[in-house]
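Engineer: Here's the feature list from Swiss-Prot:
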- N19: N-linked glycosylation site (CARBOHYD)
- D196: active site (ACT_SITE)
- N288: N-linked glycosylation site (CARBOHYD)
- 369-528: domain 'PA14' (DOMAIN)
- N453: N-linked glycosylation site (CARBOHYD)
- 726-766: region 'Disordered' (REGION)
- 742-756: compositional bias 'Polar residues' (COMPBIAS)
- N748: N-linked glycosylation site (CARBOHYD)
Amino acid sequence: MGEICPRREDFDIDYILKNASLLEKVSLLAGYDFWHTAPLPRFNVPSVRVSDGPNGVRGTKFFDGVRAACLPCGTGLAATWDQSLLYDAGVLIGQDVYPTAAYIRGAQSTGVISTIKHFAANDQEHERISVNAVMSERALREVHLLPFQIAIADSAPGAVMTCYNKVNGQHLSESKEMLDGLLRREWGWKGLIMSDWFGTYSTAEALNAGLDLEMPGPTRLRGPLLELAISSRKVSRATLDERARTVLEFVQRARKAEVSAVESTRDFPEDRRLNRKLAADSIVLLKNESGLLPLNPQTLTSVALIGPNMKTAAFCGGGSASLQPYYSTSPYQGITSQLPPGVEVLYETGATSYAFIPELAASEVRTPEGQPGLGMRFYRDPPSVQERRVVEETIIQESSWQLMGFSNPELDRLFHADIEAELIAPATGPFQFGLAVYGSASLFLDDQLIIDNTTVQRGGTFFFGKGTLEETATVDLVQGQSYQIKVQFASGPSSKLVKPGVVNFGGGAGRLGMVQVVDPERAIARAVEAAKRADITILGVGLTRDHESEGFDRSHMDLPPAVASLVTAVLDVAPDAILLTQSGTPFSMLPWADLVKTHLHAWFGGNELGNGIADVLFGVVNPSGKLPLSFPRRIEDTPTYLNFGSERGQVTYGEGIYVGYKLLRKSPTSCALSIRVRSAPVHPCCFRSNSLLTRFVPQARFVVHLLCVLRFDGRHRVRYTECSKLGRRGRSGSSPAVYRGRSNNVVNRTSHQGAQRISKGGFAAR
C-alpha cells in the first residue's frame with residue numbers, strides 16, 4: 001500500500017488571501033502538472049493528487065502505471081439497483097441517480113473527494129470540444145441537469161467537472177448562467193468547479209463565469225494571461241480571491257484523506273470478495289424460458305465454451321475508464337474453475353470480433369535481454385542520428401503505450417522511442433500484424449519494414465479519436481521460430497493528421513497487435529461441431545473496450561458480422577444453448593433475439609468478471625440484476641436516431657424530454673409502474689408490475705417476485721413478496737427497487753418526471 005502521507009498542519013484561508021501575492025493566488029487556479037494541483041509551500045498548502053475513477057482508480061499514469069482493482073462498468077453497477085452495495089464499492093456511474101449518490105457518499109466517507117462529470121449534456125464524442133448541443137430549457141433541466149441536481153442534493157460531492165461541449169451556444173466552462181447562476185446561486189453549490197482536461201477555452205470569460213480550476217497543468221490560459229486580465233480589469237481582484245478561496249477550501253478538505261504517498265497495488269482478499277459480488281449481482285437474467293438455469297455441474301459430462309468473448313477478459317470500457325488490473329478472470333477461466341474433474345471442455349473461438357488486432361501479451365514475447373515483455377527506449381533524436389543516446393528505458397507488459405502525462409526533463413514535445421522484442425511463433429501459418437498510432441510509427445520484422453504508419457496516415461478512432469486507422473500486414477510464420485520485432489515511434493507532434501474538434505492530450509500513443517488468420521467459415525463449422533457434441537453449450541459474445549471507448553461514437557449497434565453468423569449457426573444445432581453477452585451499452589440482437597431461450601447479460605464486469613458469471617450459471621448467486629437501460633430492436637427505434645451527430649457544429653436534441661425508452665412508453669393505467677410500449681424493445685429498462693420475474697437461487701430453488709400495487713383513499717401501498725417454486729417464502733438475496741410517479745396528466749410528463757424512490761424500508765411486509 002505504501003507509506004501514508006503525514007498530515008500537514010492546517011492553514012488559514014483568510015490569512016493566505018490577505019498575504020499571498022498576486023502570482024501565488026493565480027498559481028492556485030491551474031494544475032501543477034497532469035494529475036496535481038499547485039501547492040503553496042510558503043503557506044503550508046499541499047498539492048492535491050487527482051485520478052480517473054469511474055470503475056477503479058488508475059493512479060497518475062496512463063503509461064507504465066501501477067495496476068489496480070477494476071470494478072464493473074457504470075451500467076453494470078446500475079443494474080444491481082443496490083445502494084448499500086454501491087456505497088461499499090465506491091463506484092460512480094449509473095443511469096439511476098440514486099445509486100450514483102450512494103457511490104459518492106461511500107467514496108467520500110474515506111476522505112476522498114468525488115468529482116461528478118460532465119456538467120452537462122456531454123452525450124457524444126463527434127466534434128467533442130466544439131459541438132453545440134441545442135435543446136429546450138425543459139429538456140435541459142428535467143433530463144440533463146436533474147441527475148446532477150439530485151446527486152448534489154443527496155451526497156454533496158466535493159467537485160463538479162465541466163464538459164467539453166457547448167450547450168445552447170456557449171461552452172459550459174465559460175457559461176456564467178450555468179456555473180455561477182444555476183449551479184452556485186440556484187442550487188446553492190459550495191464546492192469546486194474544475195475543467196475537464198484541456199477543456200478551458202478562455203481566460204477572463206471562464207474565470208468570471210465561475211470556473212475555479214483549469215486542468216491539467218502547466219497552465220495554458222491562466223498564469224501570465226490571467227495576470228494580464230487582472231491588470232486590464234477584465235477580471236477583478238474580488239473574483240480572483242473568490243476562485244482562490246474555493247480552491248483552498250477544496251485542498252483543505254482533501255488534506256484530511258489518509259492516502260498513500262506512493263502509488264502501489266492494493267490486492268486484499270476482502271476487495272476480491274466485494275468485486276466478485278459486484279460482478280455477479282450486476283448480471284441480468286434476460287431469458288430462462290426452458291428452465292435450464294441454474295446448471296448443476298455434477299451432472300455434466302461435456303461443455304462447449306464457444307465465442308470470441310469466452311477467453312477474453314472484457315473487464316472495462318476504453319478511454320478514461322480503462323486501467324490495467326492486477327488480475328482478471330475471463331468467462332472461460334471462471335466456468336472451468338467450477339467444473340468438476342473429468343468434464344470434457346470443448347473450446348472454440350467461432351469468430352473474430354475485435355475492433356483492433358489483439359495486443360501481444362508478455363508471455364508471447366521477451367525483451368532483447370530475455371525478460372518477459374517488450375523493451376522500450378526513449379531518445380531525443382530520430383533513428384537517423386548515429387549513436388544517439390538513450391534518455392530513458394523501461395519494459396512494458398502490453399504492446400500498447402499512451403504517453404499523455406509522460407515526461408522526462410531531457411525530452412522535448414517531439415521525441416522518439418524504439419519498442420523491441422523477440423517473438424516465438426505460436427503456430428505455423430499466416431499472421432496479421434496491426435499498428436495504430438498518434439504520432440508516427442513503423443513496424444519492422446527481422447529488419448524488414450512491414451507496416452509504414454509514418455509516410456502516409458489515415459485518420460481513425462485510436463487514442464481518443466486523435467490517432468490513425470490501424471494499418472495491417474500479413475506475414476507467414478513458422479511455429480517455434482524466433483522473429484525480431486521493432487517499432488520505431490515518434491511522439492504526437494510528428495503526426496500528419498489534422499483533426500478539428502478532438503481533444504489533444506499530448507504525448508503520443510501506439511498500439512501493436514498480432515493474430516493468427518483464420519477461415520471464418522471453418523471457425524463457425526468447428527464451433528457448430530463442438531455444440532453438437534456437448535451436453536451444454538455456452539456461447540460468449542459481445543463487445544470490448546475497443547468497441548466502446550471515449551474519443552469516438554459507435555457508428556452502428558451491430559455486433560461484428562461473423563459474430564451474428566456464429567450465434568445463428570450455433571442456435572440452429574443447439575437451440576438450448578446459453579447465450580452470454582457482454583457490453584456496457586445496447587447492441588442489436590436481431591435476428592436471433594427471439595430464438596435464444598436462455599440469455600444472461602454480464603456487462604464489463606471488472607477483475608472478477610469470469611468468477612461472477614460462473615457463480616450465476618451454477619446457482620451460487622441469484623441473478624438479481626435489472627436493466628438500467630433498454631435494448632432496442634434496431635437503431636432506427638431510438639429517439640435520437642434522426643438527430644444524432646454534429647452537423648455544421650450543432651446537434652439538435654429533437655427528442656426533448658423523451659429520452660431512451662420514455663418515447664416508447666404509454667401510461668394508460670393509474671400506476672406509473674406499468675411499462676407498455678408502442679414498439680417494444682428487445683429488453684426494456686427495469687421491470688413491470690402486473691408481471692412475474694423469475695429468478696433462481698442455489699439448489700435450483702426458483703423464486704418468483706410478486707409486486708402488488710393497492711390503492712387506499714388516494715394512496716398507494718406496495719407489497720413485495722418472494723416465494724419459491726415449492727411455495728416456500730424467503731429471501732433470494734436480490735435488492736428490489738421500486739419507483740412511483742404520475743402517469744396521466746394534462747401536462748406531458750415522462751415516466752420519471754417527479755418520480756420518487758420507495759426506500760428498501762418500504763418492503764417491511766416481506
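Quick reminder: no glycine exception, Cβ is built from N, Cα and C everywhere.
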Engineer: Within 10 angstroms of the C-beta of N288 (N-linked glycosylation site), what count of other C-beta atoms is obtained when all protein chains are considered?
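Structural biologist: Other Cβ atoms within 10 Å of N288 (N-linked glycosylation site): 19.
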Engineer: Which one, from the recorded positions N19, D196, N453, has the smallest tally of other C-beta atoms lying within 10 Å of its C-beta?
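Structural biologist: Comparing Cβ neighbours within 10 Å for the recorded positions N19, D196, N453, N19 has the fewest.
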Engineer: Looking at the recorded positions N19, D196, N453, whose Cα is closest in space to that of N288 (N-linked glycosylation site)?
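Structural biologist: Considering only the listed recorded positions, the nearest one is D196.
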Engineer: List the Cα distance (Å, whole number) between N19 (N-linked glycosylation site) and the residue listed as 'active site'.
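Structural biologist: It is 30 Å, counting Cα to Cα.
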Engineer: Can you give me the Cα-Cα distance between the residue listed as 'active site' and N453 (N-linked glycosylation site) in Å, rounded to a whole number?
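Structural biologist: Cα-Cα distance, the residue listed as 'active site' to N453 (N-linked glycosylation site): 30 Å.
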Engineer: Give, as a single whole number between 0 and 100, the mean pLDDT over the domain 'PA14' (369-528).
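Structural biologist: Its mean pLDDT is 94.
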Engineer: Which of the three DSSP states, helix, strand or coil, fits N19 (N-linked glycosylation site)?
Structural biologist: helix
Engineer: Under a three-state reduction of DSSP output, how is N288 (N-linked glycosylation site) classified: helix, strand, or coil?
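Structural biologist: In the DSSP reduction, N288 (N-linked glycosylation site) maps to strand.
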